[in-house]
Amino acid sequence: MDGGNQSEGSEFLLLGMSESPEQQRILFWMFLSMYLVTVLGNVLIILAISSDSRLHTPMYFFLANLSFTDLFFVTNTIPKMLVNLQSQDKAISYAGCLTQLYFLLSLVTLDNLILAVMAYDRYVAICCPLHYVTAMSPRLCILLLSLCWVFSVLYGLIHTLLMTRVTFCGSRKIHYLFCEMYFLLRLACSNIQINHTVLXATGCFIFLIPLGFMIXSYARIVRAILRIPSATGKYKAFSTCASHLAVVSLFYGTLGMVYLQPLQTYSTKDSVATVMYAVVTPMMNPFIYSLRNKDIHGALGRLLQGKAFQKLT
């Protein structure tokens, strides 16, 4: 792995966050538990929404797609992480690393864009309730989701193709658990200025513009809520947005901890922040959305009761 320029057929070594066998065992069980909780939580959300016709609304349509994205997101990284934590062979092929990177970038982008669309849905529901049914028609919902997928696929494809132009020299040891773009760029020995430029340009378009849109949407939502005369009405309106606002804060907070810093200062200590957005956020989303949501509680109850009844009969 050391010395010289290396071809596309070579491998990277994912050394993880620690080389201590004891710490690796702890990390294995921790990530396995988090993965199982994430899968269970997101699958239950998807099944509850799809099985209950009362939840066939734009808000829950996008929530189900967000859960699907989170499910795919953790499955892209955690299984390989678990294998590496239990194995002496920590190699990942060049093609495997780029494939993992592509899905990582695409799914983070998809999460971000779906959150922006969900903010628009809440804005229309609270600020323009009389026009909600026509404004958020099934056709528009499918169109918005399709655009989210198109932009996400393109974003991941652009940066993955740019990564194929990067030359890696010397050690290909990645002191982390999966192929993350900043760690890969730190191993480059060729000129990566174009990667920086495109990353900044596309990042502003894909992340900062949706963030600005969400901030503007919630500013209008807050103004609309403050104009509601009754305290009960204010509470009900705010409760429909609180969970989404919490998820947005968690998503952008952890993402900002990783990417809002110069590439040269990026180090393994920042891997904790990467774990936050790559593992913790997808795990927490189902709990945040269902914590005080009576509709989700009811749908989950009916789903589980139906499964139990089927077993009895």
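Each residue, glycine too, has its Cβ placed from N, Cα and C.
Under the topological domain names given by Swiss-Prot, Thr57 lies on the same membrane side as His297. Between the disulfide-bonded residues Cys97, Cys189, the minimum number of other C-beta atoms within 10 Å of a residue's C-beta occurs at Cys189. With pairs at least 6 apart in sequence, the transmembrane segment (101-120) and the transmembrane segment (26-49) have fewer than 3 Cβ pairs within the 8 Å limit; the two do not touch. Beyond the ends of the transmembrane segment (101-120), by six or more residues, the same chain brings 59, 62-63, 65-66, 69-70, 72-73, 76-77, 144-145, 147-149, 151-153, 155-157, 159-160, 163, 178-181, 184, 206-207, 210-211, 213-214, 217-218, 244, 247-248, 251, 255, 277-278 to within a C-beta distance below 8 angstroms of the stretch. Annotation for Asn195 (N-linked glycosylation site): same-chain Cβ neighbours under 8 Å, separated by at least 6 residues, are His159, Leu162, Met163, Val166, Leu185. Through the fold, the transmembrane segment (140-158) approaches residues 58, 61-62, 65, 102-107, 109-110, 113-114, 117, 120, 198, 202, 206 of its own chain, all at least 6 residues removed from its boundaries and within a Cβ separation under 8 Å.
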